[in-house]
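If you look up Swiss-Prot, you'll see CYS9, CYS12, CYS33, CYS36 marked as Zn(2+) 1 binding site. Residues or ranges marked as Zn(2+) 2 binding site by Swiss-Prot: CYS24, CYS27, HIS46, HIS50. Look at Swiss-Prot and you will find 225-257 tagged as coiled coil. Marked as compositional bias 'Low complexity' by Swiss-Prot: 175-191. Residues or ranges marked as compositional bias 'Basic and acidic residues' by Swiss-Prot: 297-314. Residues or ranges marked as N-acetylserine in Swiss-Prot: SER2. Annotation source Swiss-Prot lists phosphoserine at SER2, SER169, SER189, SER212, SER335, SER336, citing a large-scale study or a structure entry. Residues or ranges marked as region 'Disordered' by Swiss-Prot: 154-193, 294-314. Residues or ranges marked as zinc finger by Swiss-Prot: 4-60, 78-101.
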Amino acid sequence: MSRHEGVSCDACLKGNFRGRRYKCLICYDYDLCASCYESGATTTRHTTDHPMQCILTRVDFDLYYGGEAFSVEQPQSFTCPYCGKMGYTETSLQEHVTSEHAETSTEVICPICAALPGGDPNHVTDDFAAHLTLEHRAPRDLDESSGVRHVRRMFHPGRGLGGPRARRSNMHFTSSSTGGLSSSQSSYSPSNREAMDPIAELLSQLSGVRRSAGGQLNSSGPSASQLQQLQMQLQLERQHAQAARQQLETARNATRRTNTSSVTTTITQSTATTNIANTESSQQTLQNSQFLLTRLNDPKMSETERQSMESERADRSLFVQELLLSTLVREESSSSDEDDRGEMADFGAMGCVDIMPLDVALENLNLKESNKGNEPPPPPL
């Protein structure tokens with residue numbers, strides 16, 4: 001295993017990269033490759049001051065630590081997630097955290113869980129000292145039953161770290177009366193190492209498979225519940241979306257109705273105003289054209305009607321002419337009589353006797369006789 005399978009660099013986004021892997025113990029699920037770590041890659045949540053745990057592949061671990069002898073008391077190196085100091089074993093890391101960071105309650109990621117095969121690489125805890133005491137106790141404090149647990153936590157070459165941990169050559173497995181496995185220390189020898197490598201690797205693989213299966217079983221329950229929750233959320237979101245769509249449709253229909261009603265009212269108002277304007281304009285045109293070409297609209301008359309109309313017009317014109325002439329003649333005669341009377345007055349003023357015409361004299365006589373006959377007789381004396 002020369003690659004970090006299933007891991008990608010969060011800076012350059014390279015997946016299944018080779019070489020060293022640096023995992024941040026403060027940021028959740030943040031990994032860097034060697035080049036990005038050495039170049040000082042940072043983000044808004046990750047800085048260069050964050051403690052990083054180095055994880056090696058199997059090839060790099062054999063290259064760096066091949067041929068070295070380590071006992072069970074000297075596992076691989078870990079980094080303190082609080083102060084960033086490196087080179088701790090499980091025992092020394094627990095002692096360091098208990099003595100130096102007992103009162104610290106910051107949420108950090110366990111470096112041991114991140115390095116174990118099948119462990120949770122993003123296990124966050126706010127009581128790191130209690131987590132180390134419960135989950136990562138030293139091998140000398142373990143009994144036979146916990147020895148099996150320690151074998152399950154044995155180093156896997158594909159996820160090793162920069163420091164040494166219990167080597168496979170130092171682990172001897174013998175069958176006990178109860179059928180369990182027990183570990184004992186022995187002196188280092190290449191022949192023993194080569195002989196025990198396949199068995200240790202097989203056991204480590206079996207432990208990793210068991211742990212992964214247990215993790216899958218443990219995660220199957222919450223995954224099913226999470227799926228149910230997601231389905232419920234999707235149903236609720238769909239219901240909300242349908243309600244929102246219905247509200248939008250009703251609002252659109254209402255706006256359309258109001259628009260159509262307003263359009264109809266405006267149309268009726270415009271038609272009424274246009275009709276009123278047309279009637280007013282027609283009346284104005286009729287008033288203006290009362291004496292202009294009115295006869296064009298008259299119906300056509302027959303020949304007899306036309307002759308009768310012309311004769312009536314001729315009679316009217318003659319009557320008007322005679323009336324005008326008579327008025328003019330009367331004015332002239334009256335003016336001439338006045339002139340004659342004035343002359344007679346002037347003649348009488350000169351002492352001359354007025355000569356009465358004959359007819360006038362006769363009329364005066366007749367009037368006098370008639371008056372005498374009509375007078376009543378005088379009363380008797």
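Cβ atoms here come from the backbone N, Cα and C positions, even for glycine.
Feature map: Swiss-Prot annotations on the structure.
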residue: SER2; record: N-acetylserine; Cβ contacts under 8 Å, 6 or more apart: ARG18, THR57, ARG58, VAL59, ASP60
residue: CYS9; record: Zn(2+) 1 binding site; Cβ contacts under 8 Å, 6 or more apart: GLY15, PHE17, ASP31, LEU32, CYS33, CYS36
residue: CYS12; record: Zn(2+) 1 binding site; Cβ contacts under 8 Å, 6 or more apart: CYS33, SER35, CYS36, ALA41
residue: CYS24; record: Zn(2+) 2 binding site; Cβ contacts under 8 Å, 6 or more apart: TYR30, ASP31, LEU32, HIS46, HIS50, PRO51, MET52, ILE109
residue: CYS27; record: Zn(2+) 2 binding site; Cβ contacts under 8 Å, 6 or more apart: ARG45, HIS46, HIS50
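Taken residue by residue, the zinc finger (78-101) breaks down under DSSP into 11 helix, 2 strand, 11 coil.
Per-class residue totals from DSSP over the zinc finger (4-60), listed helix then strand then coil: 8 helix, 14 strand, 35 coil. For CYS33 (Zn(2+) 1 binding site), the count of additional Cβ atoms within 10 Å of its Cβ stands at 23 [all protein chains shown]. Within 10 Å of the C-beta of HIS50 (Zn(2+) 2 binding site) we count 17 further C-beta atoms, all protein chains included.
Annotated Zn(2+) 2 site CYS24, CYS27, HIS46, HIS50; additional same-chain residues within 8 Å of its Cβ mean position, judged by their own Cβ, are LEU25, ILE26, TYR30, THR43, ARG45, THR47, MET52.
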